[in-house]
Amino acid sequence: MPSNKSVSDAPIVQFTNCRILRDHQLQREDLWVREGKILNPEKLFFDEKGSADVQLDCKDSIIAPGFIDVQINGGFGVDFSLATDDFKSGIDLVSQKILSHGVTSFCPTLVTSPSSVYHQVLPQISVRNGGTHGAGILGAHLEGPFISKEKKGAHPEHCLRTFEAGAFQDLLATYGSLDCVQIVTLAPEMRRSSEVIRELTKRGICVSLGHSVANLSQAEEAVQHGATFITHLFNAMLPFHHRDPGIVGLLTSDRIPAGRKVFYGMISDGIHTNPAALRIAHRAHPKGLVLVTDAMAGMGLAPGRHTLGQQVVEIDGLNTYIAGTKTLSGSVATMDTCVRHFQEATGCAVETALEAASLHPAQLLGIEHKKGTLNYDSDADFLMLNDSLYVQATYIAGEEVWRQDVSGM
Amino acid sequence: MKLIILENYSQASEWAAKYIRNRIVQFGPGPGRFFTLGLPTGLPRDHPESYHSFMWNNFFKHIDISPENVHLLDGNAPDLQAECDAFEEKIKAAGGIELFVGGIGPDGHIAFNEPGSSLVSRTRVKTLAMDTILANARFFDGDLSKVPTMALTVGVGTVMDAREVMILITGAHKAFALYKAIEDGVNHMWTVSAFQQHPNTVFVCDEDATLELKVKTVKYFKGLMLVHNKLVEPLYSMKEMEAERSQSKKPYSD
């Protein structure tokens, strides 16, 4: 069909016979893509008198925005908290492998480590777009070392630090550089944490509360200073108590500044959180729920021993413990299994489950204008899934970067 | 005139759709031979409820029409009268309208030709009557102050020039207008009545719209349904037509 596209000559692809997630609902609409972005077909039709160059039949798949994992410590034998010589190829490997889990953007996460590790590793992490080479990197998530001794979980005690001496300067010295840092998890009950939270927030870094024994008012104060996330809710924090709900109480707190929302990460692998607890959190604050994998090096590999930063971890089925203990340390869950498990455990709508892994993390990081949705002019990072939410194909910037092998796994 | 009476809104819509489909297929459109479908125009361009959005979502995005073959009146044109005149020229250039499909207002208007419009009018700017503004308020959250008061519209004369006219009328609130349109005289206060003087008109309505008609009228046309249904059964397809181009059937005419 001859067309006179006045804005651009780039090819236009029209994905037909599909249900797309838009405006919180699955709608029977076609998805139009040009130059790596979602295109508005109505404007194309009337303003440019243009039409599609290629039409692809999606065989009634669900098309959802690509998943965004904001807490992933490694996988496939790669540990982001280990300063190895081939760190760069390690991160490339993980970013390429997680495409098959539906992840199109992620935040490589570093657990509590000695300062030298941060100084060596962080300069090797750069924010970059995804593509056929792998999922996009949004920035690092630094989980620790400014966390509570009592709730260290799998983090090594000898590396924990406080803000006593120089507050923000201490943090800067420990990490070396904040250039590619997107999220920092810290314990807000620590003295001088408020100033640190304010400084980080000023630099556009998302502050998350976790590995902490803070009570509700300490947590609320942290939110008032700028904290917006809770790291793996329920895990590594005080349990909910009806007279002091602790950090968990943020889900229904009335002291959140107007116009702001508190998000919370949940590892819905069926191990880290009992499904009943998952349901309580979801029902209390459905719009804040962000699915994370918290996957570590053993994800994608056979059961056995692996490292997680300074610790040795044992994998047995879906359970990952510090070797010789019953302390959970990371997970081997993949993002798509988390989405499926979340949907099954809560009985929520398919749209809700998909948004918890795409829209909500995008909103947390303030990037929902270009990621996490299928709105016009957003980056064309999306997935084709079947009705049981198994990923059939992954697209980044409108290009197919992974497809399920028809023959099987 | 053919008056087609179906039981309800869905059935009336379906009958009309099948009729239009058969007409297009039997016409045998192709490159250089356009089936020109005329539709009434409406609201200004930029509004979210704009006619462009309405037409895109309800029609254009479901079919494989080339954008160059779509001509909508542009309510944001700098010279509105020139825009209207150019539209009339485009209709001529396309070979005239083969089939015009429209509805009827509660005040008996066709397109936005409000009561008092000349029955030989052409495409022009019209100020809308209060009835029409009230009817359109539902597209603007019921806020009357937001409803546009002017519209570009094809004229009664423009529609009369079409080779065939189909009017869709459903609902009890249109019943009086239908009565005025077909059982009373030709009158510029009920502009749809102009089509009594058109050789090829089809009115498709539901039971509720016939509430103000004489029982005699309704019985007569219901009795003709056996014949009229032959216009929609069998349903033709372009592939079949290409196969039997030589044996084209002429549409029934009264």
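Every residue gets a Cβ built from N, Cα and C, even glycine.
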Candidates A:His133, A:His158, A:His211, the one TrEMBL lists with A:Glu143, A:His232 as binding Zn(2+):
A:His211
Can you tell me which of the recorded positions A:Glu143, A:His211, A:Asp294 is spatially closest to A:Asn235 (substrate binding site)? Compare CA atoms only.
A:His211
Binding-site residues near A:His272 (substrate binding site) (Cα-Cα within 10 Å), from A:Glu143, A:His211, A:His232:
A:His232
Under 8 Å by Cβ from A:Leu328 (substrate binding site), same chain, sequence gap 6 or more:
A:Gly153, A:Ala154, A:Asn235, A:Ile271, A:His272, A:Asn319, A:Thr320, A:Tyr321
If you measure from the CA of A:Gly330 (substrate binding site) out to 10 Å, which recorded positions from the list A:Glu143, A:His211, A:Asp294 are inside that radius?
A:Asp294
Over the domain 'Amidohydrolase-related' (A:62-401), work out the mean pLDDT and round it to an integer.
94
Residue from A:Arg243, A:Asp294, A:Ser329 whose C-alpha is spatially nearest that of A:His232 (Zn(2+) binding site), among the recorded positions:
A:Asp294
I want the residues beyond A:Glu143, A:His211, A:His232 whose C-beta is within 8 angstroms of the mean position of the Zn(2+) site's C-beta atoms, in chain order.
A:Gln71, A:Gly144, A:Ile147, A:Gly153, A:His155, A:Thr185, A:Ser208, A:Gly210, A:Thr231, A:Asn235, A:Ala236
Rounding to the nearest whole angstrom, report the longest C-alpha distance spanning A:Ala154, A:Asn235, A:Ala236, A:Arg243, A:His272, A:Leu328, A:Ser329, A:Gly330, listed for substrate.
30
